[in-house]
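**Q** Here's the feature list from Swiss-Prot:
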| type | residues | note |
| --- | --- | --- |
| BINDING | V24, D25, N27, R41, S63, H64, G66, R67, R122, H154, R155 | (2R)-3-phosphoglycerate binding site |
| BINDING | G200, G224, G322, F327 | CDP binding site |
| BINDING | G200, G224, F327 | ADP binding site |
| BINDING | K202, K206, G225, G297, E328 | AMP binding site |
| BINDING | K206, G225, G297, E328, D359, S360 | ATP binding site |
| BINDING | D359 | Mg(2+) binding site |
Amino acid sequence: MAVKKSVGSLKEADLKGKRVFVRVDLNVPLDENFNITDDTRIRAAVPTIKYLMQHGSHVILASHLGRPKGVTPKYSLKPLVPRLSELLGVEVKIANDSIGPEVEKLVAEIPEGGVLLLENVRFYKEEEKNEPEFAKKLASLADLYVNDAFGTAHRAHASTEGVAKYLKPAVAGFLMQKELDYLVGAVANPQKPFAAIVGGSKVSSKIGVIESLLEKVDVLLLGGGMIFTFYKAQGYAVGSSLVEEDKLDLATSLMEKAKAKGVSLLLPTDVVIADKFAADANSKVVPASEIPDGWMGLDIGPDAIKSFGSALDTTKTVIWNGPMGVFEFDKFAAGTEAIAKKLAELSGKGVTTIIGGGDSVAAVEKVGLAEKMSHISTGGGASLELLEGKPLPGVLALDDA
């Protein structure tokens, strides 16, 4: 994918007095009283917005929240305004809509360095359909476009892709730039030895990532529920562990492909098993080949943690996507937490450590080690598609550097 123009390349002359349409990702979790339970995504958007404010732009922010079907008050962006205002140090105004006369009036009133937040763009079905007329209406509000919403870059929506056709320059924000530098850079020309750790419950959702990474990595470590499909493919009994029966041949072919490519593919040698899927289940550690009937594997075992740790000690670049076990249950969180601690330790020794979105981000935050990693990706699906080597519509639409 070509290198894209970044907002950092735009100077005062390009920005002062200009109306800038910024697509951010403010899709944060809210509790039943509409309090923000995790403001990571809002904080991640701040550097780009502040840069535009400091250079005298009139800033127009657009985002989605959740998956509303039409106008749904519980998905309004209004609860985000106090936190956003606090982080930016200005009073952010919010519109009741994202297009139309009222919005145009509010845009005209934004002072230099001021910020207007549009209401949830997904209140219009035209947003997800990427309808040109809707994209044109959004674009008509501004002079130039900045996309800083990496988390939705894999979607060709009106505010992520359509708008870029009608506004020039169309550039990447700082967050988008950092995501691309790390994720594209790591996959295109990593410092070797390069290891990937892939976890999660299903092989099916990670096939593309595993196949793509097998072309690039020296070491591939597998954990999470997907390992039982690999064990069964090797003829092991897996008790009542999660298995995708229709993916057994695929698991075999991935192991063969790794061998042919000289990739060291490591599966856990032992697992923590449970007599039921629950936080208070009885548990014990057994070798991977000896899971008894009626028991299910819910985490990687202590030997696996040791051998994974040793394999990672020799690396220069590590990408991690997906937990090693059911880390939501403390009893089955040791594997995931051990990997997080190992990566934090390696970061301290100069290894590039990239947490590739999704549940692994939550896991790293749970153990309080987020700050220690080289890069934590904010995109779930977008990170996966990028690691699979797929082009992202929201990135392709931006100007080349």
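For all residues, glycine too, the Cβ spot is worked out from N, Cα and C.
Describe the structural surroundings of these features, if you would.
**A** DSSP assigns V24 ((2R)-3-phosphoglycerate binding site) to coil in the three-state reduction, placing it in neither a helix nor a strand. Taking Cβ-Cβ distances under 8 Å and a sequence gap of 6 or more within the same chain, the neighbours of V24 ((2R)-3-phosphoglycerate binding site) are A45, T48, I49, L61, A62, S63, D148, A149, G173.
For G224 (CDP binding site), the same-chain residues 6+ apart in sequence whose C-beta sits under 8 angstroms from its C-beta are V198, G199, G200, S201, G322, P323, M324, G325.
Proximity of F327 (CDP binding site) to non-local residues of its own chain (separation of 6 or more, Cβ distance below 8 Å) is seen for D299, A333, G335, T336, E337, D359, A363, K366, given in sequence order.
Secondary structure at K202 (AMP binding site), taken from DSSP and collapsed to helix, strand or coil, is coil. Cβ environment of K202 (AMP binding site): G225, M226, L242, E244 lie under 8 Å away, each six or more residues apart in the same chain.
The DSSP secondary structure for G297 (AMP binding site) is strand.
There are 18 other CB atoms within 10 A of the CB of D359 (ATP binding site), with all protein chains counted.
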**Q** Name them in sequence order: residues not among G200, G224, F327 whose Cβ is within 8 Å of the mean position of the Cβ atoms defining the ADP site.
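**A** Close Cβ neighbours, site residues excluded: G199, S201, G223, G225, G322, P323, M324, G325, V326, T336, D359, S360, A363.
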**Q** Looking only at C-alpha atoms, tell me how far E328 (AMP binding site) is from S360 (ATP binding site), rounded to the nearest Å.
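**A** Approximately 12 Å lies between the Cα of E328 (AMP binding site) and that of S360 (ATP binding site).
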**Q** How big is the Cα-to-Cα gap, in Å, between R155 ((2R)-3-phosphoglycerate binding site) and K206 (AMP binding site)?
**A** 19
**Q** In three-state terms from DSSP, label S360 (ATP binding site) for me.
**A** helix
